[in-house]
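Copied over from TrEMBL, here are the features:
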DOMAIN    131-332  domain 'TLC'
REGION    337-372  region 'Disordered'
TRANSMEM  40-57  transmembrane segment
TRANSMEM  140-160  transmembrane segment
TRANSMEM  206-225  transmembrane segment
TRANSMEM  264-283  transmembrane segment
TRANSMEM  303-324  transmembrane segment
Amino acid sequence: MTSSIVSWIWSERFWLPENVSWADLEHPPPGVEYPRAGQVMYAVPLAFGVLLLRLVFERLIAKPCAQILHLQAEVTRPPQSNAVLEKVYASRTSPDEKLLDGLSKQLDWDVRKIQRWFRLRRNQDKPSILKKFCESMWRFTFYLGIFTYAIRYLWVSPWMWNTKECWYNYPFQPLSPGQYNYYVAELAFYWSLMLSQFTDIKRKDFNIMLVHHFATISLITFSYANNMLRAGTLVMCVHDAADIFLEAAKLANYAKCQRLCDTLFIVFSIVFFITRLVIYPFWIVHSVLIESWEIIGPYQSWWLLNGLLLVLQVLHVIWFYLIARIAIKALFKGKVAKDDRSDIESSSEEEADANCRNSKDSKDPGVNGRYK
């Protein structure tokens, strides 16, 4: 039974072009290695290693940097202990008027007192600037490091300059150490994001980012399994470029450098547009859709992989619409007048980095997506 399921999942008719079998890829010529699907499983335990590395980084590097910038964890006033309200809060953090009236009668409390209790309780759960700074600094460091590694590796790769090289002699293309290291590092990182999303700062775009992480992990895994590594490295590199500036803008905001924050966010908007709305669809997706069709022809998993690429492109369009609204305000008003960034990549609920401002009447809301 188990062998039948495994055979169905890894069906050669689905994953590979016509007249190609897994056996062909398992026995490469001497001195040549092809990717094997089982190798991507190493990324799962590595994801826990990435989570551990993040904890060490935040404690030993990010937190001291925050302290140099005089960023401290805020001390919030706890609400009065009340088991009934705690039970309600677990399901509804902002009760409506009808529920407030019912709680008022049940507890013999004034409605204003109950509203104040819920406000204090929400403030207690609100992540501190210190926590958000450490999280952003970790992401900034990873994106900068992995993007630098990718550029150094891709700069001397022929498919960086001629995307048709991604499909010549496919799928019999050798696996290089640079490709393997890049793939495993990216996959482990996105698995760690998928896991930490349930414990990190609560985000308004939780569902969108969940779809984003799932699509990204699926794309990385599938492209490795059927040796689409050349196109895959281009996709990952293009996605990492803009995230560097997003996290840098958030760090500037936490450090109360408003002008730097606005400048970095505008740079992020420009880089996002160029990489994800120009290079990604007209260079990479065009190659996977058109050039691969012309050189190797479509097969079953080809449709799945292209579908996932197009899902990411739809998310890019949604995110850029929200990003552009903020960037235009920053350009013409000198600061972001309203928070929309809580709905874009790496955004979080009630997160101050979305504002890049200190106006007294501002809302304190908060990609990753992170955006992604």
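Including glycine, each Cβ sits where the backbone N, Cα and C put it.
Ranked by Cβ pairs under 8 Å to the transmembrane segment (206-225), the stretches 40-57, 264-283, 303-324 are led by 303-324. A mean pLDDT of 90 is what the model gives for the domain 'TLC' (131-332).
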